[in-house]
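The next block holds one structure in the form of structure tokens; read it before the comments.
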Amino acid sequence: MTRGMASENDSSVKEFILLGLTQQPELQLPLFFLFLGIYVVSIVGNLGLIVLYVLNPHLHTPMYYFLFNLSFTDLCYSSVIVPKMLVSFVKQNTISHAECMTQLFFFAFFVIDECYILTAMAYDRYAAICKPLLYQVTMSNQICHLMMVGVNVMGFVGAMAHIVCMLNLTFCDDIINHYMCDLPPLLKLSCTSTYINELVIYIVVGVNVTVPSLTIFISYTLILSNILGIHSAEGRSKAFSTCGSHVIAVSFFFGALAFMYLKPSSVSGDEDKVSTIFYTIVGPMLNPFIYSIRNKDVHIALKKTLKKSMFA
């Protein structure tokens, strides 16, 4: 089998070449160190929030429980993508068919998980601000755990739907114009009909973007209405501060995701790569800072943890 095209006797290619982010040699080394730095910051930030949650009982509330799960998800799916991406900056990056499908599965699983974790966080803020007297009942530990089970079920079902459809395709070309095994660039390599795959993409992505987006929008509409009814300027400021970071993270994530998968087919592969960077690499790096910079509880937990480690 020659590179770039499977032989007529093969049903499909057995190995793919990932072209990476760019083919310009002068950019390879600077981009390698840039994304390595972003990845290290992402790992340290998300792992830091996970450790703070585990070591500080006063953070064991629904809000930080979902933040803990968000950090774990960001840690996982950036690790699914970035290490393989870095390889493409220093040498030809090959990936077997099985590895490619595995990467795609976990990528889809963690991205869908993130959609619903952000939704759960919005509902948590709605319950805390709009229904404070019922908050302990509405967001009990049991309910929070059940919500996370639901999150993971949605992630698994969505990821499996993509993988099952992808495994039914025959690939004729083996060069993926991307730094990862993502749906759009893989479909371009198929020499069989991709109609079902494209339909599944619109259904799965449509449901997993539209339902969370509407839920978050309704939650924050009700929250805003409630905040405007607060007479205390201090109370309004605290409520806005609590929700502001989440709104930024949600807008960033869903905006990039919708552009990537619900865009017209005329959008180029290079634009695909750029939009994917925002929610697979930049987002996981920014989330720990978005949620902790103005968060007094996290600051207190960090100081306590540092004191303990210094005097241990």
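Just so you know, glycine gets a Cβ as well, placed from its N, Cα and C.
The transmembrane segment annotation in TrEMBL covers 31-55, 62-82, 102-123, 143-164, 199-227, 239-262, 274-293. Per TrEMBL, domain 'G-protein coupled receptors family 1 profile' is recorded for 45-291.
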Residues of the parent chain within Cβ reach of the transmembrane segment (62-82), under 8 Å, 6 or more residues beyond its termini: 35, 38-39, 42-43, 45-47, 49-50, 53-54, 103, 106-107, 110-111, 113-114, 117-118, 120-121, 124-125, 128, 139, 144, 148, 151, 179-180, 280-281, 283-285, 287-288, 291, 297
Distant-in-sequence neighbours of the transmembrane segment (199-227), which means Cβ under 8 A and at least six residues beyond its ends: 112, 115-116, 118-119, 122-123, 125-126, 129-130, 154, 158, 161-162, 165, 183, 236, 239-240, 243, 247, 250, 254, 257-258, 261-262
Can you tell me which of 31-55, 102-123, 143-164 gets the most C-beta pairs within less than 8 Å of the transmembrane segment (274-293)? 31-55
With the cut-off at Cβ under 8 Å and a gap of six or more residues from its ends, the chain residues touching the transmembrane segment (102-123) are 63, 66-67, 69-70, 73-74, 76-77, 80-81, 84, 95, 144, 147-148, 150-152, 154-156, 158-160, 162-163, 166, 180-183, 186, 204, 208-209, 211-212, 215-216, 219-220, 246, 249-250, 253-254, 257, 279-280
